[in-house]
Amino acid sequence: MNPYAKLITSTSLILGTTITASSNHWAMAWTGLEINTLAIIPMISKSHHPRAIEAAIKYFLIQAAASATMLFSSMINAWQTGQWDITQLTYSTSCLLLTTAIAMKLGLVPFHFWFPEVLQGSSLITALLLSTAMKFPPIIILLLTSNSLNPTLLTLMAIFSAALGGWMGLNQTQIRKILAFSSISHLGWMTIIIIYNPKLTVLTFLLYTLMTSTIFLSLNTTNTTKLSTLMMSWTKAPLLNTTLMLTLLSLAGLPPFIGFLPKWLIIQELTKQEMTPAALTIALLSLLSLFFYLRLTYFTSITLPPNPTNHTKHWYHNKSTNALIATLTSLSILLLPLSPLILTTI
């Protein structure tokens, strides 16, 4: 991509996110979301591959429909109450429409179908942006309006997202699709607690962003997109593959890694809110996700590929992101002892 085009798209992404995060008026929030959408589309389609073009068109259609639904929701609320303030969403129909719009933007069940396909058609760095930075503005809107939304509906969507994210990731061979279903599953954990403890949702999102960034950057370094090439990357970068295995276990939520902290706190908070059945259900559903994370770690570090004489060699280009990957990996693996300090900040 042209450096000037890359500068414009990157600046627009930051601008759109800032506008949405700092706005109180529905029109400004909508404007920020539209700037974000228009900025990410060239990054999805920059390879000019038919799959990338298809992913860009799917992303545009879904995001345009979600933005229109959100704007329609705010107009109905303003018509009924005279309020354009984001926090003053009180009309029931508007609340339902907004829940639908945000679920479409985030990729929550049952509006999740577009997300794995778009990630599969994007490059690894663009997939990282779609999984992390592009989720931040809708989550901010969900945080601001969480007191007005239906808790039963959000809980059901969260549990189904955790279930489908774990179930659909079991038989995948493409790593980007596996990480897409991982994102859907983690969004379920964030959504189920957002009404009762919004700060915990923010903490979960930040830690998810940290671990996912580490995984995508590690995969981008070895240019790995499939399980078969992941299995063969051990000979190219053994130390990087070892740390990738530990980061995957952290994303799965296993102690003693930092990924265990948000799941433990969410289950604790749900129990305090007398939602023990929901806590038990989502904890059991996380075992589905744990299976494909363990599958990934197995392919990453335990399986050695066969090496026939006619085996195609993959070139390994050592990219200049080693310091960043080392920092992110250290935080993803070793941050749990600092959890008392993290908890005091929230």
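Even glycines carry a Cβ here, placed using N, Cα and C.
Whatever TrEMBL says is automated annotation, not expert-curated.
These come from TrEMBL:
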DOMAIN    23-287  domain 'NADH:quinone oxidoreductase/Mrp antiporter transmembrane'
TRANSMEM  56-79  transmembrane segment
TRANSMEM  91-115  transmembrane segment
TRANSMEM  127-146  transmembrane segment
TRANSMEM  152-171  transmembrane segment
TRANSMEM  178-196  transmembrane segment
TRANSMEM  202-219  transmembrane segment
TRANSMEM  239-258  transmembrane segment
TRANSMEM  278-296  transmembrane segment
DOMAIN    290-343  domain 'NADH dehydrogenase subunit 2 C-terminal'
TRANSMEM  323-343  transmembrane segment
Worksheet entry | Confidence summary (mean pLDDT) of the domain 'NADH dehydrogenase subunit 2 C-terminal' (290-343) | 75
Item to complete: Would you kindly check 152-171, 178-196, 278-296, 323-343 and say which stretch has the most C-beta pairs under 8 angstroms to the transmembrane segment (239-258)?
Response: 323-343
Discussion item. For the transmembrane segment (127-146), give me same-chain residues lying six or more residues beyond its boundaries with a C-beta closer than 8 angstroms to one of its C-beta atoms, as numbers and ranges.
Written reply: 13, 16-17, 20-21, 29, 32-33, 36, 40, 43-44, 59, 70, 86-87, 89, 95, 98, 102, 105-106, 115, 118-119, 176, 179-180, 183, 187, 190-191, 194-195, 198, 201-202, 205, 208-209, 212-213, 216-217, 220
Worksheet, complete the sentence: Same-chain residues at least 6 beyond the ends of the transmembrane segment (278-296) with CB under 8 Å of its CB atoms are 155, 158-159, 162-163, 165-167, 169-170, 172, 175, 178, 181-182, 185, 188-189, 192, 227, 230, 248-249, 251-254, 263, 266-267, 270-271
